[in-house]
Amino acid sequence: MIRRATIVAVGRLRGWAAEGCEDYLRRLRRYFPVEVIEVAEADMNRLGRGEALREEAGRLLRRLPADAHVVALDRKTGRRYGSEELARRRLEPLAVSGRGHVAFVIGGPLGLAPEVLERADERWSFGEITLPHALARVVLLEQLYRAVKILRGERYHW
């Protein structure tokens with residue numbers, strides 16, 4: 001299993017999304033440290049789409065841990081995995097390879113700039129549907145928690 005996770009995301013969560021993330025963070029932190037770094041959303045109205053995306057990219061890239069294996073969440077170019085495959089073929093091998101620190105990068109409403117995608121060691125997708133960035137963060141944490149349970153041979157549902 002991974003030894004440490006960092007989530008670097010555009011935007012601050014509120015309401016139900018913040019509550020959902022806090023629930024899964026509490027569960028995950030029993031197994032390994034998880035840090036969440038939120039960067040400010042760029043003002044698209046003031047900057048325009050392209051410049052706003054570049055500004056967010058700079059903020060994200062500056063906050064990515066240098067020692068981490070970086071996973072970008074991207075609907076268009078990311079690879080899709082089932083829960084078992086995600087646990088056994090992606091997360092478990094990272095720990096064995098010595099790259100136990102994984103940083104997940106999640107864009108805001110504009111997505112991720114090409115330079116962020118290029119920096120990533122790999123890209124994941126949760127499918128063809130477009131998820132709001134807040135929901136993508138909840139889904140990521142839920143899948144990480146599910147992977148922990150799979151790898152430890154523990155029950156997920158009671």
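Each Cβ is built from the backbone N, Cα and C atoms, and glycine gets one as well.
Neighbours of Thr130 (S-adenosyl-L-methionine binding site), defined as other CB atoms within 10 A of its CB across all chains, total 12. Per Swiss-Prot, S-adenosyl-L-methionine binding site is recorded for Leu73, Gly107, Phe126, Gly127, Glu128, Ile129, Thr130, Leu131.
The record assigns Leu73, Gly107, Phe126, Gly127, Glu128, Ile129, Thr130, Leu131 to the S-adenosyl-L-methionine site; their largest pairwise CA distance measures 16 Å.
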